[in-house]
Each structure stands twice: as structure tokens, then as C-alpha cells.
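Pulled from TrEMBL:
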type	residues	note
COMPBIAS	653-664	compositional bias 'Basic and acidic residues'
COMPBIAS	1203-1221	compositional bias 'Pro residues'
DOMAIN	101-162	domain 'Peroxin/Ferlin'
DOMAIN	174-207	domain 'Peroxin/Ferlin'
DOMAIN	671-781	domain 'PH'
DOMAIN	875-936	domain 'Peroxin/Ferlin'
DOMAIN	947-980	domain 'Peroxin/Ferlin'
REGION	438-465	region 'Disordered'
REGION	642-664	region 'Disordered'
REGION	1196-1231	region 'Disordered'
Amino acid sequence: MSSVAPVRNEGLLKATVHQNKRLWRSSSSSSIYTGSIMPITLLWAVDVYGRVYSLSTAGQRWERADDMLLELKRVTAGKDRCWGIGCDHHVYLNIMPSETPIRYREETYENQRWNPVDGFTDTLLPTDRWPWSDVTGLNPQPLHSFQLPSRSWEWEGDWYVDQSCGGEPSQTGGWEYAVDFPANFSPDKKWNSCVRRRRWIRYRRYIAQGTWTKIPLDNPRKPPLPLCDMSCGGWEMSDQSGRYPYLWGVSQQGQVWFREGIHPRVPEGSSWEEVEVPKEVAQLSAGPGDLLWALLWDGNLMVRTGLSLDSPTGTSWVEVESPVKDDEALHVAVGVSVVWVVTKDYKLWFRRGVNSHNPCGSGWISIGGEMIMVDVGLNDQVWAVGEDHGLYFRIGVTPSEPSGNGWIPVSAQWGNKKVVVPPRDDCEFSGQLTEASQGSVLSCTESDSDLGPSEPQNGTSDTPVVEAAAPSVVPLGGGDAPTLLLEKDDAPLASQPDLPKPFIPASDSFINSLVSDRDRTSSVQPSITETLQEKVEEKPPAPILPTLETVGHDVPWMNVDLEGAEAARSAQAGGASLAEGSDAATYTLGTLETFQHVGEDDVPAWTWISGGGCDVDAISHISWLSPTGPLTSSLSLTPVQSAAWSEQQQQQQEHREEMSKKPLERSNSVWVRKGMLRWWRDWKPQRWVDVGVALEQSTRCDGRKDSIFFVYYTQYGEKKYLHVFINEVTALVPVPRDCHYAFAVYTAQRTKHRWPLVLAAQTEKDMNDWLHLLSDCCCMCRGIAGPPSRQALWSTTSKGDIMVHEPSFSLEAAANTLSCDLMFWRQVPGHLRCVESNSLGLVWGIGWDGTAWVYSGHDGQQPMPGDAVEMLQQTDVRSVHMYENQRWNPMTGYTDKGLPTDRPMWSDESGLKECTKGNTQPPSPLWSWVSEWAVDCNVPGGTDKEGWQYAADFPTTFHGHKTMKDFVRRRRWTRKCKITLSGPWEQVPPIQLSDISLMPCLAQSRMDQVPVWALSDKGDVLCRLGVSPQNPAGSSWLHVGTDQPFKSISIGGANQVWAIAKDGAVFYRGSVSPQNPAGECWYHIPSPSRQNLRQLSVGRTSVFSVDENGNLWYRQGVTPSYPQGSAWELISNNVTKVSVGPLDQVWIIADGVPGFPAETVGAVCHRLGVGPVQPKGQSWDYGIGGGWEHISVRGNSAEAPRAPHPAPAAPPRSPLLPRPPTQVNGKAVGV
């Protein structure tokens, strides 16, 4: 293969540039799509012969480079330019034609010094600068030293003096004066002005736009060794428009080079700089931003980190393993935030989580299709060369789905020149040849196969031809038709043996590959007519070209049958008539050496593609990118077919269609949602930080999904990131944070360390969108769909959010119990203070305003995945409190002037946070005020008539009457706020409730009427009648008489009803049955000594209760014959709420987590070791915490097999309390 410089003379170069500009303008004028002007950009490709072609987004045909002798190995395109590596190992550049010329200003300064004899002369002192120098005076720059950097530049004129000084016109001839070098120059000449200077300017213009020009070697610096690969990128590293690209290269010895000095006015750059690499590099790819990946010779990959405007070559390398250990990487391509890799088995891989904050990414995803190379262009669009050496485009690539969803061929038309072969008298061809027939018959020559493309013989390649009237029939006869000449004589040639199979080279040394196995012995080929007659005895020869069944469609790619084409070129026609029943025409073929542009109409076998300068996206309307319709051919086919090879051609067509469907098989995909949020940085200094977030979800071929949530932030100018695997997320909880629309992301690790990831959105809609999106991904990863199941655990937070966990058998297993911090909680729409459920699918809740709600999502049926839940309007009202504090002094009594160590005079209940009427806001922006501030006299401990509570000092226990020792006082102010939202909750009017309980039952239980007991906000005991799975709201309330108000009630197995009065007394309701749902009488149960109980929960056989001091008690001796039990036993402290399930499992809301004193009150805890032999359990397992209000496990009746005497699977997660003494009816006894 020869290698000739593309610029032969200046006149030819100028003519080529002007012609390209005309073509560029003509294509630009016809590029209007859907009412907007689409930029005209080019797709570049290289075939196996090194020929370079471009395809315009406004055109339909491939255009070959004007320089027919130009041979390139690889190309890399960027905006408005394309670089290439020639077969002569030189670097070439093609700048797109533009209306704006590329001009560069050369300048030098003439320096002079004054002397008393001659005045100002160029005779300077030895310590002065050079007479002609740059602006600094350090480098000499005489006028004759300036040379054009290459033949691609020309001078616009001669040197001239800049007549302006500092941008202002000057009358001094351009001279600037100063006292000495160096100093501040000015146009004013003074008495002490001893030196002067003036600037000389000369412009040079780049004249090689639209053509391939060779980049000159560095002089005097040592040029890099011959390059084997290069990649340009970096033009989107900043927000500046017109940012120039960077160019990277790889030498054959594995060195990495960076091209310095590339500038919009210096497109060629100035010199090469070597970048140190720890290992030898085979290939690299640079993205438009700050991504640079390199492929090593050992098949692994390296990533360049630290790329920035200040450090364009980066700082360090990080090695990344190949996607498959057994198959090394073959090729890598990167974009703005994507990385694609081809392995040696031609499989495609997509790198997840790639970002400027995380250039190494997080994992590999296999993508369908088998390609030999891939390239990422503008907008992260993906181009590829398939195993068949055809070009493909990845459809469906969008910012939200960067991996796309399928491959389509690049189906541009082929052949851009119509030619006419002069007629011969001794050999005629009957019929008129169109461009299609010429491109089909005269497609290859021996010189094309063995020696590469040949030089055109004449300049008549643009001569028009007369096309046939009927595209499917070529008329015979007529002596004026153009004829094709034989190479030696007109006699028919002897028959040729079977032809070998087509061979397509794939390596850089493609010429050697083509000629190595080729038989150069002269052979003869029978005519088409003879072949038709002998097709019964002989195997039909290889076809010249395929025939299209549907007229008007083009096949996007095909294998080039070089052997068949070569054999067909020697075929001759034996007569002037067609055989009967045959539709094949008779040709008389002549020599092909006189044919111009030999090989121009061959379908090329592509080896390289570059879309870095092709501006397309998923919604672009490009004529040669069509995802629908039949596959088309880029060849123009002759309408005349030969029956001798029609069957074999059909088989090849079927094979091509099968191969074309291969890249369209279902493959993995990646979907991304990006946005901007605020992140609460929970290390000092703690503050809100603006961050970028991205949710990346990959879908495997089997339908499994995997998602990662990224948080990108910048600290001290360094880009960093956090990531959370969605399958590790345990809860997504809205949290009140400084009036932000905030939510917390919990994982098992973050739950253990009490360190959730807190993010905030700008609007309520954005927060809800992210919560729903993340929640859906979490449920999808775990296979959870539809409404909660009947066995679900229900819980509420102090904010009123409703959380649900879908239990498994391992949750209550005696051994290998599921850890609490691994439980996944999802949110159910609505707002409640507490919620209760049972295993029949009944769920009741109470709002903060006392309104009763029943869950409407089950409708008496077991929920199925995908079931829709009816959303109803739900409202809730709650009160916001703050405290007014005062201290007494002898002069003025109680005033708001406290001691320096006192709490703020307006504060929250703890006194740690200052709260005033002006700065106190509703719990979240979802709430709105519905009343004004007022004094609240309904406070525990009582108040006086003005609402004051008194105490000796802050903080101590307050009481409602003043004594002589009370020096401080406080009173509570309240204000109501309201929230309105939609949820699957139906209101149960008209009584407001304070507590509710549903009877737990086993999974196999069937009940027509479900007992439901409740307490009104006044403490009345109520029994709901008519409650069933078909009618979860019931029909009416039945009042149960009591002699005092109650504050807690619970019904357990076998209709056991327990309740706690407001004074702490415990009662048991006797004779409750389905026939007598209200029972008959109350039995008083003694409370623990000196303890007032406030809440209890009854299971199948167990009764647990919580006192006012946060202690958890267990009732001993509860049996069917003696349901009141015998004594209370202390189990633990640090308890706020308790829930006992139908399996006697025990769950609590802990007041705090040991070791985390700053944790917000309210953590979910599970009692481990609970069983028939050990109903009190052994230890606590702390789960998610921070603001949880209530939990109900009374619906979880999924009972796992239990061992008779299980041993603890692991050491307890919290220390066991010493066993306290047992109390019988208030008296301590020994057990």
C-alpha cells in the first residue's frame, strides 16, 4: 500500500477547499427537520483498504475523501474536525469547512534604545533585550524567523506596524516609550524615555479546510514513535462555547502522548508531550468531558483521574479489571458519562456508574450484540462495527437510558459517481447501463483485490448517463450502447473450477491478508449463458451481487464476495439471446482497466468508525438511520438476474437476515434518572450541600433488575461521590429538617451506625417523585408489588408516615433470625398516629386528631401483585407546642429574665432549642396553620387557671400548684395545623378515638365477625360490631360501661380483653365471646408496685405492658383456666410502645439505642429467643430508629418451624438485664 501526502500543490488544495465549501453549503440549505435547522455533521468510517469515507446527516450517500491515495488506519472525530493515523504512520487532520476562516496572528516587537549621538537605534546594551523579540523580551523573534507551520497555511499579507497603543489609535507610528526595559510602556514620549518598542503583525490563514492534511513533525523536539491509536475529546470539559479538543495518542511501544497547543486558531497543535503510564497501552479513548480510559496489552483497563482545565493530562492512573477474566478486553470507548468495552469474544459490555466524580464506575453490564469495535459519539450515541464488518447504530440511547435498547444498521446508499465507459466496435453490450448496473457488474478488479485502489485514468467521472426506462428489464440490441472491453481478447474463456469462499480481512495488515491465500494463476470463467445450461451438472459459481426482492429498499450491509466478483469480471456472454424461461441478460464484458474509479461502488468491509463529530440523538430524523421496515442494501443492483446463482444468492440473503437479527436480540439495558438535591453533610461543619444525584438501574436478560443510587459532591475542589445499592436500602422515610422537603435513606450499615443519608428537594413534588422512584426500585429488587400482604408489619413514625414490612419465615424463626436492621420498610400513602392489624387483612388506624380510619386496599381478598389501590382523600390535624419559661426574683416576681445558665425563655419541651411564635413552623411544608397560638391547660401534671406549671428549677418535674420552693414556672402554648393528602384509607365516623385493638388470629383462622375494641378520646370503652374482611369498617359502635376513663386497651387470643385506666389501674374483661362480644364485667388486676402502667398488648397467651417510666413488664401465670395471670415480672427498660403478635412475638419501640445518645427517640426493636418454653425472650435486636412512634405485629402469623429448645444463634446484640424479683399481686416473692 502506498502512502502519498494529500497536499500536492497549493492550487489543487485551494480548488478542493472551494469545492468542499460549496458542497457543504448546498447540504446545509436542505437540512430542515420538523421546523428547526439541524446542524450538518459527519460520520467517519474506514474500510479494510484504508479508504476514508464520510456520511453527512443531511445526505444519503457515503462520500470518499477527495485524495484517492489517502490511506488511513484509524480516525477519531470531534466537533468540526477529524484526526487520522495514516498507513505511513503520519497524523492527518481534516477541519470541516466553515464560513469563519481560521486565522492566526503572528507578532513580534521591535526594540530600540536612545543614545545622544544617533537618537533611537537598534543598538542596545548588552544587558538589554533582543532588537526583535517577543513581548517579554526573552526570546529573539526577527521577522525572517517566522515560517508557516505547514503547507496548510498561507500568509494573508506582509508585516505591518500596529498603529494602536493599548487599543487606542496613536500618532507616534506605533511606538511605545518607557524609561528602561522592562517597564510600563505608554504612547507619550517624555524627557526620560530612553527605550521604545513597537509591535509588528502578520496574519496567516488556514487553507486546508475540508481536506486531509498531514501534521508536520515536531521541530526541534523529538516526535513520538509511530502511533497505533489516537482519540480526541475534552471539548466539553468547561461551559465555554467553542472549547477546543484535546488529542491523545498511543505509540506502537505502548507509550501515551498528549498533543499540546491545540487551539481554535491553531487546530494542528504545536508539540507532543509524553504521559507516564505504569504499563504498556494498546488503545485509548477520550470522552468529550473529563473521561479517559486506556486498554492495556494484558486486556485490563486503566482510567486517568484528575483531568481538568488546570491539569489537562490528569494526575494518576487507576487500573480496572476486564469485564470477564477469561476474555480480555479488545476495545474501549467512552463518552460523557458512559464506557463501552468489547472483549475478545466480541461481546459488548457497559460500565455502570461512570461520572466525572467516579470515572472508574461501579460494575459491568453485558449488552447484546457481537461487535469488533465500538465508538461513542456526541450525546453518548453509540456506533459499532459488527463481526460482518457492517456499521451499526445503537437506538434508544437517551440520558435516562444510556445503554439503549437495540442495534440497527447504518443503511446509507453507496456510490456517488456516475461513469460512462467509451464504446468499442469489436465488443458490444446490448442495453443501456445505469449507475446501478455499473456498480453491480463492475465492482472489483484484480488491481482492487491485490494492489488496493487504483488511480483514476481520466477526468470524466462526472459524465451523466442515460438510465434504463424499465428498472427490471435491460433491452437487448442497439449498437449505440456503451460497451465494456475485454482485457486480452473477445473469445469465450474456458470453464473455471469451484471458487473459494469469500474472505474478509480484519486486521491492519489487510493487504497481506488479502494476497496471502489468493491463487494468482490465470483462470477462465464460463459465460452466464453457459453456466445456466450446465447448472445441473456443475455447482453454480459464487454470485457477483445479491438481488433484492423488494424494489426500492436497500440492504444495510453484506459480505463482500471478492472471489466471486473477481471470477465474474472474466465472464463473457456467449450469445445475444436469453434462454427460454430465464430472466438473465447476456453480457459481453471487456477490460476493466479503462473503467474509472475502480472499486468505488463496492460495498466496503468496514474496520473503523468514529461518531465523535456526528450530532444525532434518539429523536433525530436521519434518512440512513431507520429502526423500522425491511432491511435494505446499500448496493445499487442490476435488474438482470442469473438463474444459475439465484438459489445460492437467496441462501446468502437468508444468512444475512439471520445475522442482522443477531444484534437485535433482547439484551441488558441501563436506565438512569438524574437530578439535583441537597445533602445534609453530617460531619463537621454540618450543613446543607448542593449535590447531583443519579439513580442507575440495569435490567438483565432474565428480567432481573439491579439499581445503584449515586450522590455526587465536591469537597475542597475535589470531586467525590457516595453510592447506595438499592437492594441494600432498608427504608425511605420523610424527615422534618429545617423546613426542607427532606427524606432519609437507610441501609443496614447506616442503621447500625445511626447515620442515614438525608437528602432534600426544592419542592414537594420533587421529593415525592424521588421517594416514589426509589421506593419502586427497592420493591422491584425485592420482588414486592401491590398493596401490603395480610401478614405485613405496620408502623408509624412520629411525623405520621405509615411504614410496612413484608415478613418472611425467618423473621420469627428460632434460629438464624432475620436481623432487624436488614428489614425493608416501604411507605404507604396516608398519615396516622397509630395503626393496628390482624392476619385477616384488617387494618385500622387513628389520626393525630383522633379520627378513625380503616385500610381500603384489601377489600376482603388476599392482595395480588399489581393490584391497584383506591386512593381517597385523607386529612389530619395535630398540635404544635412550645413552652414559655419564667424565673422568680424578689424584686419583680416571675419574669422572662432568667439566669445565664437557664433555658431560653421560649423553648421546646426539652428546653434545648429556642422556639418563638414567630419562628416556629409546622412540622413540614405539607402542613398549614388552621388556628392561632393559645395557652394549653391540658398538660400532664396539671396547671393552674392560667396554664402555669411550677418547679424548683430547670429541669425538674413540674406540677400544677405553686409552693414556697418553686422558683421557675412554665406553660405550654399550642397551635393546630392541618394536612390533606390521598391514601387508601376510609374514614370511620363519628367518634374520635385514642386507642384501638383488633383480635389477632392465626393464618388458618376463619371468623365471620372480628372483635375490635377501642377507646374514645374521653376514655370510653367501645366495641365495634359487624367488622369482617368483607366489611372492614363494621356497622356500629357498642358502648361498654366503666366506672372511670381508660387510656389503653388490647384484645388477644381467645377474646382476652385487657385495659388500663387513666390512673394506671389494670382491668380484665370477663366472659367476652362471639355470642357476647361486650362481655359481662371488669376484673381489677393489681399493677406492679409503685408503677403506673400506660400501655399494654395481649397476644395469643402472653401479656406485656409498659409503665410511665418506660419499663416493660410481663404477666406471669396466664392460662386458659386463669386468664388474669398471677404476677408481673420486669423484662427491660427503655421502652415506649409494645406490640405482641398472634405467635406471642414481642416487638417494641425503644426510647433510645444504647451507645447512641444523640439518636432521636423511637427505634424498632425485636425480642429474640421468644418461644413456648421462653415466652419472655432473651435479648433485644435493635433495628431502624430515629422518630418511630408505633408498631403493630399482630398481623404476622407466618409461623416457622421451631426447634424444641433452640440455642442462641449468636451473642445477643444488647446486654441482658439481671433477672429481677417476681412480684405476686404487688408483693415480691422468690421464684
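Positions of Cβ are set from backbone N, Cα and C atoms, glycine also.
Averaged over the domain 'Peroxin/Ferlin' (101-162), the predicted model has a pLDDT of 92. When Cβ-Cβ distances below 8 Å are used as the criterion, the domain 'Peroxin/Ferlin' (174-207) is approached by residues 10, 13-14, 17, 95, 101-114, 120, 128-129, 136-137, 143, 146, 148, 152-166, 168, 267 of the same chain, each at least six residues removed from its ends. Per DSSP, the secondary structure of the domain 'Peroxin/Ferlin' (947-980) breaks down as 0 helix, 18 strand, 16 coil. For the domain 'Peroxin/Ferlin' (174-207), the number of residues in each DSSP class (helix H, G, I; strand E, B; coil) is 0 helix, 16 strand, 18 coil.
For the domain 'PH' (671-781), the number of residues in each DSSP class (helix H, G, I; strand E, B; coil) is 26 helix, 65 strand, 20 coil.
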